[in-house]
Amino acid sequence: ISEWNLQCAGSFVKGLPESSFFVGCLIGGLVLSTLADSSLGRKNMLFLSCLVMAISTMLTVFSPNIWVYAVLRFVNGFGRATIGTCALVLSTELVGKKWRGRVGVMSFFGFMLGFLSLPLMAYINRGSSWRILYIWTSIPTIIYCVLVRFLVCESPRWLFVRGRREEAISILKRVASIPSSTDVNIGGAISMSFSSLPFEEEEQKPSNVNIFTTMKALVEKRWALKRLSAVMAIAFGIGLVYYGMPLALSNLDFNIYLSAAFNALMDLPANLITLFLVDKLSRRNALIGFTALGGISSVLIFALQNMRIRNHGALQLALELISYFSACSAFNMEMIYTIELFPTCVRNSAIAMARQALVLGGVFSPIMVAAGRKNGVWSFGLFGLAIGLMGLFAVGLPETRGSDLCDTMDEEECKDQRSKNDITDRVIVA
């Protein structure tokens, strides 16, 4: 802002780079998400996304004005859009249901460590140009590209669904430390529930699966569209708080560096609680509870700002941390929940759509935060109302704790119908 003399610019211009990043995430998720389910697969999509993000981050260092800066932030967000989704789906599809929840939560710790490193980097370079921060943050991304390219294997579930059975079995043998030359029954050796797919037919018709097939499947099936709409609505409310609260720290009467560090630390208890309780908590009830707590805390911040109380900066920060902690926990739970709500053939696309709804909240949050500097109702007030009300959409979703992952839409539909029949039978018996 000071380098480009934007002190007197409007809130739209000041919030443009951050909003451009989130718009890039939104569009990138819509354009790239189905590629991981169709032609590219989880691993290749993850590698290409990391590469785009690494290159655009390094180029941001040479931005001559805010407009070029905003464009590069857009490209950065476009590449970043599917990284979290592909990493989460890929890691959970490599394990059985016993470890699915815990492995999914473990992936969130990497995000926490990255977030926690940012205030430290900013503090160390507080006397340097903001451009130095982009150099620091681009280096780990480049290293990660190399690690993904050479150390990560493709999802065997995705390979099975695409009819590439031999590759899937080879990866499963390698993961389970079974020699490739050993003649074993892979279904008996490895506990992993794959659907009975007509592999020969799939291999003969690979062109039938394109980037539009998965989205069409999600929209055509009424139950899938209902689930997708609900998780996207919830994600939008979470996204306003998840991305908005860290940006709104400057609106609090507290040290900005300590506030950012405390926010990053909130990811730790959120991840730990989800990690140890993911197999015990009801997905639906936990999601409703976390969003309600986040909403109440955020509204209380707005109420506190309008009270004539001196030295309430610490209390504001405490409420902000509770709200952000709730958003983090709700985000973790919703990602695990979404994995279990959709079958393999559309899982990556469904999670990507949920994350794009989350990012859509991030698109609006910088402008809301800028407007909230004059009146807190536009930031903390709306944040609280949004996450609290949107969380109620979880009421209409089925409970999935302890359930098996399905691979096809028909299999998921049959499981859903069996679940409804069981509920009906229990009601009749009662």
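Cβ from N, Cα, C; glycine included.
Here TrEMBL flags 1-402 as domain 'Major facilitator superfamily (MFS) profile'.
Summarising the annotation, TrEMBL assigns transmembrane segment to 20-38 (among others).
Annotation source TrEMBL lists transmembrane segment at 45-72 (among others). Outside the transmembrane segment (45-72) by six or more residues, the chain places 4, 6, 13, 16-17, 20, 28, 32, 35-36, 78-83, 86-87, 90, 131, 134-135, 137-138, 141-142, 144-145, 148-149, 152 with a CB less than 8 A from a CB of the stretch.
Residues or ranges marked as transmembrane segment by TrEMBL: 78-96 (among others).
The transmembrane segment feature in TrEMBL is assigned to 103-124 (among others).
According to TrEMBL, the transmembrane segment annotation covers 130-152 (among others).
Annotation comment: TrEMBL describes 224-244 (among others) as transmembrane segment.
The transmembrane segment annotation in TrEMBL covers 256-278 (among others). With a cut-off of 8 Å between Cβ atoms, the residues of this chain six or more beyond the transmembrane segment (256-278) that come close are 101-102, 104-106, 108-109, 111-112, 115-116, 118-120, 122-123, 245-246, 249-250, 286, 317, 320-321, 324-325, 328-329, 332-333, 336.
As annotated by TrEMBL, transmembrane segment applies to 285-305 (among others).
If you look up TrEMBL, you'll see 317-339 (among others) marked as transmembrane segment.
The feature transmembrane segment is assigned by TrEMBL to 351-371 (among others).
Tertiary neighbourhood of the transmembrane segment (377-397): same-chain residues 226-227, 229-231, 233-234, 236-238, 240-241, 244-245, 248, 251, 283-284, 287-288, 290-292, 294-302, 305, 323, 326-327, 330, 337, 341, 361, 365, 368-369, 371, selected by CB-CB distance under 8 Å and a gap of 6+ residues from either end. Residues or ranges marked as transmembrane segment by TrEMBL: 377-397 (among others).
Residues 88-89, 92, 100-101, 104-105, 108, 231, 234-235, 238, 241-242, 245-246, 248-249, 252, 254, 259, 262-263, 266-267, 269-271, 273-274, 278, 281, 283-284, 286-287, 290-291, 293-295, 297-298, 300-301, 304, 347, 350-351, 354-355, 358, 383-384, 387, 391, 397, 400, 405 of the same chain lie 6+ residues outside the transmembrane segment (317-339) yet bring a C-beta within less than 8 angstroms of a C-beta in it.
Long-range neighbours of the transmembrane segment (285-305) within the same chain, counting only residues 6 or more positions beyond its ends whose Cβ lies under 8 Å from a Cβ of the stretch, are 234, 237-238, 241, 245, 252, 277, 312, 315-316, 319-320, 322-327, 329-330, 333-334, 337, 376-377, 379-381, 383-392, 394-395. Same-chain residues lying 6 or more positions outside the transmembrane segment (351-371) and placing a CB less than 8 Å from one of its CB atoms are 11-12, 14-15, 18-19, 22-23, 25-26, 29-30, 32-34, 36, 77, 81-82, 84-85, 88-89, 218, 228, 231-233, 235-244, 247-248, 251, 331, 334-335, 338-339, 342, 378-379, 382-383, 386. When pLDDT is averaged over the domain 'Major facilitator superfamily (MFS) profile' (1-402), the result is 81.
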